[in-house]
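Trainee: Before anything else, here's the structure in question.
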Amino acid sequence: MGIFQKLVSFLGINKKEVNILVVGLNNSGKSTIVNHFKDGENKTHEIVPTVGFHIEKFENKNLSFTAFDMSGHGRYRDLWEHYYEDCHGIIFVIDSTDTFRLIVVKDELDTLLQHPHIRNKKIPLLFFANKIDCPNALSSVKIAASLGLERIMDKPWHISCSNAITGHGLHEGVEWLTQEVRQIVATKKY
Amino acid sequence: MEFHTSKWLEAHLERNAGLKTLPRNLILGDIFGDGDYRLILVDVDFGQDLKANLKVYRGTGLVANQPLPVLPSSLISFYNDLTEPYLPVVGVSCDTDFLIYKNNKPFYKFSVPSFPLTTTESNVWQRLPHVTDESDYKILLEKLQSVSFSTLSSRSQKLLSVPLNNIKEEIDKYSGEEPSIHPSITCSTTLRKNSEDDIAVSCAVIGTENGYIFILDPLTFTVLHKAVSANIKSSPFILQTSGLYDVEFRILVICRENHVCVIRNGWTEGKILFRTANAIIDAVHLSVDKSLVVATAGKNLSCYSKKGNKMWTVKTIHEITCLCLLSLKSSNTYLVGVGMRNGAIHLFQGRHIVDCISAPDTPSALLFGQMGQEEHVLIIITIAGALNFKILKRTANFNLESQETSGPVVENRPLPLPKRSKLFVEQVMREKQNACDIHQRFQQDLIKMRLTAARAMVHLKPDENAAGNEKELVKLSARVTGLGPTFTLILNVENMSNEKPLLGLSAILHCKTSLYKLSSYVIKKMETKVLEINEPIKGDNSDKNNLIRVFVIKKDGNQPVITASINMPDTDFLDIL
Ligand SMILES: Nc1nc2c(ncn2[C@@H]2O[C@H](COP(=O)(O)OP(=O)(O)OP(=O)(O)O)[C@@H](O)[C@H]2O)c(=O)[nH]1
Ligand SMILES: [Mg+2]
């Protein structure tokens, strides 16, 4: 591992700029999640529905992330695909209390996976089953099953439960993503 | 028609939800002000005695259920004020009362004012308590019967149905009190007060069984305006509005007597807009063109213009049970959902079917709007009691489809052909008959045209090089400005020909270098029809032989197109100074 780490830093990946696309339906908690990773003084206290998208930067384990916090509102969802080409990882946020719209989530996920810029790319997908603190929240297992995540064979994916307000579960997920992105960036170098 | 990929996502289907909901008894509203739109509906229990419950769904789950005093006729929701948080009220029309709920709690009650009795009826009731003889009863009842049944008070109506030997009992019940006419509310809707915004104050509009329409103040729930539907007996059962109460509005009153009335600002009596041949089942007003789509018995779907003219009629495949408006504001599309027996739902854009959906069985009520966080949800409640939610896909596009599939149109009466179409039809007929001739003629003309084109081409080819050599077609003029020793030379090349463009021109400037220093000696690329070269030239020194020559040449040409010599002004006097 030590050698690997050295190699990585030797290759200059340490300070690599990584683009992360944060998508999901509106009201799922994307902005709240991104807000959690911001430094203390940059944090916003009132989160309003995003219009279009926001770009936020934060660092994790020597990778400097640029997060594209997209709006999940129906009329802005067609903006997502414009960022597929240049992103190194995708965070897909799901409101686990919104059982009613799970089918819409599946539809949007399928559209995303079939997009030419995603289909043949080995790109890590991190799913957050958010709002797990709410009493009627579905478990991540149920969500994974109803979205048919097991069909995703050619991309690394991971689902973690989260509570974006307290931050519970967010670090675990992002840790996984960091690891995956690091590996992919490293293999590309060879 | 075949639709291979569905435009709809099947969000939820509960076959045994056991709901009995009539049209206009379900609404969507942000009734808790949290941006999460709930479904509110009236569930009727057709048991021994009719009972009804007001149910609230959040997503797929039932979150509130409260009993209603009587079977309501309709349900509406509107913003009655704009204090934060924005909370719409829910209005339930129960018999003679209009109950208003806010935050899912009773908030206010409006009772329809009573109407005076006709003099005959009033006289009868004054005398009734004092008679004892059966024959006297008979005379009085006959008098009552002479009044038209629908204008009688409900007590008189009941009295007429009581057997003669029970009549005394029935009359004694009321102990000499005079009856009053208290009509029940049969329909209700909303009318925007002064703004077209998404969240804006609206007035409740209610219609009563005796044909009166009341517009209520949003804040105080007192009557702002009262009007009667028409000068003939009308029992409204659907109301549709457009416009703003404070500016200009129109209320369409759809009546059981198969006519539709219109009421406008300030009118106290409406006018009949049109009548239909068959019983009206449901109607939807399209605010875009102010037309009214009406479903009538006998599988008819018709559209009437703002003025009440029938614009089209189509036959549906099954009997229609309910209609609903699907407004997709983002794409400016307005569709009418037509629910039919056997569970088919067709979406019409104008008279064309743009989509077919299937419900588990015959839909009894349809509603389209925002539910939860999702903007485009179609709610289907069927006669068998199933509850079905379908979500319109984000990518669904009805506009394209309608252009492609405007094919099969059921038309019962041929439209009068417009003049131009007639011309076109005749032309088509001619073409059909003389196809061979026309084809040959066309081929001949085509060949001729090709020949002409080729000739012109040949004619043009040698011309091309000489284009500029025709001196008179190019004009070159020069202007020298400045006092010296620095001058500005402005060259103006003008194409005098109307037909030929001058392309690929460049200019060479020539002068005695001992006299003048030019800022550039070659001007490349002069194009466009009218050329202007603004080339400042710096001249220096003075001599008598102060000429600058300009040669305009064509690319590949060995002869200049035009030349000019420019006499530069004297700068001698500069020396004197
Ligand atoms: N209870 C609970 N509420 C949450 C959680 N995460 C987000 N929320 C709330 O959900 C609402 C929507 O969060 P946003 O972050 O604005 O959602 P978004 O995905 O960015 O929405 P758009 O920008 O409209 O696409 C906010 O009121 C948050 O406070 C969570 O984990 N638990
Ligand atoms: Mg957001």
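Each residue, glycine too, has its Cβ placed from N, Cα and C.
Relevant sequence annotations retrieved from TrEMBL are reproduced here:
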- A:G24, A:L25, A:N26, A:N27, A:S28, A:G29, A:K30, A:S31, A:G72, A:N130, A:K131, A:I132, A:D133: GTP binding site (BINDING)
- A:S31, A:T50: Mg(2+) binding site (BINDING)
Trainee: Among the binding-site residues A:G24, A:N26, A:K30, A:S31, A:K131, A:D133, which ones place their CB within a distance below 8 Å of a chain B CB?
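Mentor: Answer, by Cβ distance to chain B: A:N26.
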Trainee: With GTP as the bound species and A:G24, A:L25, A:N26, A:N27, A:S28, A:G29, A:K30, A:S31, A:G72, A:N130, A:K131, A:I132, A:D133 as its recorded binding residues, calculate the greatest Cα-Cα distance and give it in Å as a whole number.
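Mentor: It comes out at 21 Å between the most distant Cα atoms.
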Trainee: In terms of Cα spacing, which of the binding-site residues A:G24, A:N26, A:K30, A:G72, A:D133 are within 10 angstroms of A:T50 (Mg(2+) binding site)?
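Mentor: A:N26, A:K30, A:G72, listed in sequence order.
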Trainee: Using a 6 Å cut-off on Cβ distance, which of the binding-site residues A:G24, A:K30, A:S31, A:T50, A:D133 come close to any atom of ligand 2?
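Mentor: Correct list: A:K30, A:S31, A:T50.
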Trainee: Using a 10 Å cut-off on Cβ-Cβ distances across all protein chains shown, tell me which of the binding-site residues (A:K30, A:K131) has the largest neighbour count.
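Mentor: Result of the Cβ crowding comparison: A:K30.
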Trainee: If you count the other Cβ atoms within 10 Å of each Cβ, which of the binding-site residues A:S28, A:S31 comes out on top?
Mentor: A:S28
Trainee: Only counting partners 6 or more residues apart, tell me which same-chain residues put their Cβ under 8 Å from the Cβ of A:G24 (GTP binding site).
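Mentor: Expected: A:K30, A:G72, A:I91, A:F92, A:V93, A:I94, A:D95, A:V105, A:F128.
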Trainee: Within a 10 Å radius of its Cβ, which of these binding-site residues (A:N26, A:T50) has the fewest neighbouring Cβ atoms?
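Mentor: Lowest Cβ count within 10 Å among the binding-site residues (A:N26, A:T50) is A:T50.
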Trainee: Which residues in the same chain, at least 6 apart in sequence, have a Cβ under 8 Å from the Cβ of A:D133 (GTP binding site)?
Mentor: A:N163, A:I165, A:T166, A:H168
Trainee: So, three-state DSSP: helix, strand or coil for A:K30 (GTP binding site)?
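Mentor: Where A:K30 (GTP binding site) sits, the three-state DSSP reduction gives helix.
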Trainee: Where does A:G72 (GTP binding site) sit in the DSSP three-state scheme?
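Mentor: A:G72 (GTP binding site) sits in coil per DSSP, no helix or strand.
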Trainee: I'm trying to understand the geometry here, so how far is the Cα atom of A:K131 (GTP binding site) from the Cα atom of A:S31 (Mg(2+) binding site), in Å to the nearest whole number?
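Mentor: Approximately 13 Å lies between the Cα of A:K131 (GTP binding site) and that of A:S31 (Mg(2+) binding site).
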Trainee: Which of the three DSSP states, helix, strand or coil, fits A:G24 (GTP binding site)?
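Mentor: Its secondary structure by DSSP: strand.
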Trainee: What is the total of other Cβ atoms whose distance to the Cβ of A:G72 (GTP binding site) is within 10 Å?
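Mentor: Within a 10 Å radius of the Cβ of A:G72 (GTP binding site) lie 26 other Cβ atoms.
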